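For reference, the structure is listed below as structure tokens.
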Amino acid sequence: MSGTTESAERKLVWKIDLILMPVLTVAYGLQFYDKAVLGSASVFGIIEDLHLSTKHNGVTSTQRYSTANAAFYYGYIVGVLPIALILQRVPLVKTLSAFIFLWGVICMLTVVVTSYPGLVVQRIFLGIVESSVSPGFLAITALWYTKKEQTARLGIWYSATGIFSMFSGLINYGLGHASGKLATWKYMYLFGGSWTILWSVVVLLVIPTSPNEPGRWFTEEEKVLLKQRLASNMTGKDQTQWKWDQVFESIRDIKLWLFLLCASAIYVCNGGVTAFGARIITSFGYSSLNAILLQIPGGAMTCLTIWISGYFAGRYKNIRTYLLPITCWPMIIGAVMVWKGSWIHRALPLWGYYLVASFGAPYVLILSLAAANVAGGTKKAICSGMIFIGYNVGNIIGGYIVLTPEAHIHYKSTWIAIIVCMCFVSVASLALRYILNAENKRRDGLLTSSTPFPSASKKGDDELSKAEDQEETGNKFAFEDLTDFQQKDFKYVL
């Protein structure tokens, strides 16, 4: 690639970043806020108002609260795969904008809920509608960015979970002092829902349709370069045709199942920490209002670890499956600190809690591995659906491992579960590396023995570097809807 072309591509990527990243980041942050506001509302009266706790023989149970929290993820599981497949067949940006508008409306309607069953139903519908966002954003990122660029960009918009954890702490602290006709927790839902509705319009007006239809934001020269970049990815263009052969291939592709299991294990951690974070911190001896503020550093930890892992994944080739176990260590260390540390000195368990909040980093690495290593329109949609099903299964499980009666033994079951899950992710990541590396070597052997399949790269580069360098070579299959199995010169990123 010439110096002029490289310079033009850098400018193009910068323009894409300026258009997409702010919009996706804010939208994803609003999704996090609307979903997680229940945790803040739990210390501002929603449990009492909607009868989300019960008392038996003098022991208070928050089983209803756990079920209401999990209801969102039940809805998400029901909706994510059908919606991911719908997004493959309809105008992506317009449909996403409509879903975002609907979730804002449903969020605001929380204020009219008056009972525990009503809240469960409301959160199921919220989960169904919000299940469009992550698969849609993953599809947008895979369309607009090369494999080398994807991890950092996934990290940018996904880090909104940490950014909005910080902002939501400040906002909810302020709303917690609100006085008016409504219960304090209702103002939190009105705030989040109204901003979400507004942002759905921004998504519709700002995000271009696709690199094939970039619209008014790009010059004619940039439009040509956009198509070249899309071809280089070898993951297919924005396909809308349903293919059953790709469905069956997805079922027998072990890496998709590893993605699902890892996502589930990682988000067991999130399911407990997000829904019960404020209540866990109050167990350390802090007031309800201070517990909201003390969640802010946890959001900063989420952002920091995502950005650091994203930087190294983009800076060094084929280290993502090595980074994945490393990003699990802070959660293991944090879990041990809260479980085994003394709560007399409140700073120790609090800092352990902050380390556990680094769960976003391994999840972003899973997303980036999936985006880079799965090709074919239908197969990519199924892969996204499987990952987000795992995400929700983990969140559901996580909501039930925080047992209120275990506060006096430092929530032992919670931290043991998190440690086991992080150890599993570490082992699964290394197994995935072995599988993908073995397949790369097998394909190298086929290509060097004069198979009829054209090679995307015959420059003698190191075999592992080829996987992330191949976007510079182009491929005649780029605009055909072929899977990574069908493209014999497709190289897997490790």
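Placement of Cβ uses the backbone N, Cα and C atoms for every residue, glycine included.
Pulled from TrEMBL, these are the features on record:
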type	residues	note
COMPBIAS	458-468	compositional bias 'Basic and acidic residues'
DOMAIN	20-441	domain 'Major facilitator superfamily (MFS) profile'
REGION	447-475	region 'Disordered'
TRANSMEM	12-33	transmembrane segment
TRANSMEM	70-87	transmembrane segment
TRANSMEM	99-118	transmembrane segment
TRANSMEM	124-144	transmembrane segment
TRANSMEM	156-175	transmembrane segment
TRANSMEM	187-207	transmembrane segment
TRANSMEM	256-280	transmembrane segment
TRANSMEM	292-314	transmembrane segment
TRANSMEM	321-339	transmembrane segment
TRANSMEM	351-374	transmembrane segment
TRANSMEM	381-403	transmembrane segment
TRANSMEM	415-436	transmembrane segment
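Mean pLDDT, taken over the domain 'Major facilitator superfamily (MFS) profile' (20-441), works out to 87 on the 0 to 100 scale.
Within the chain carrying the transmembrane segment (415-436), a Cβ under 8 angstroms from the stretch's Cβ atoms is held by residues 254-255, 258, 261-262, 265-266, 268-269, 272, 321-322, 324-325, 328-329, 331-332, 335-336, 338-339, 356, 362, 369, 373, 394, 397-398, 401, 492-494, all 6 or more beyond its ends. In summary, the transmembrane segment (99-118) does not lie against the transmembrane segment (256-280): fewer than three C-beta pairs, each 6 or more positions apart in sequence, are under 8 Å. Contact counts against the transmembrane segment (292-314), taken as Cβ pairs under 8 Å, peak for 256-280 among the stretches 70-87, 256-280, 381-403. The transmembrane segment (381-403) is in contact with the transmembrane segment (256-280), judged by 3+ CB-CB distances under 8 Å for residue pairs 6 or more apart in sequence. With a cut-off of 8 Å between Cβ atoms, the residues of this chain six or more beyond the transmembrane segment (156-175) that come close are 21, 24-30, 32-33, 36-37, 40, 44, 137, 141, 184, 187-188, 191, 289, 292-293, 295-296, 298-304, 306-307, 310, 357, 360, 363-364, 367.
Beyond its flanks by at least six residues, the transmembrane segment (351-374) meets 138, 141-142, 147, 150-151, 154-155, 158-159, 161-162, 165, 235, 255-256, 259, 262-263, 266-267, 269-270, 273, 277, 280-281, 297-299, 301-306, 308-310, 313, 320-321, 323-324, 327-328, 330-331, 333-338, 341, 380, 383-384, 387, 391, 418, 425, 432, 436, 467-468, 483-484, 492-493 of its own chain at Cβ-Cβ distances under 8 Å. Here the transmembrane segment (256-280) has Cβ contacts under 8 Å with residues 36, 38-40, 42-43, 65-66, 69-70, 73, 250, 288, 291-292, 295, 298, 324, 331, 353, 356-357, 359, 362-363, 366, 369-370, 374, 382-383, 386-399, 401-402, 404, 411, 414, 417-418, 421-422, 424-425, 428-429, 431-432 of the same chain, all six or more residues outside its ends.
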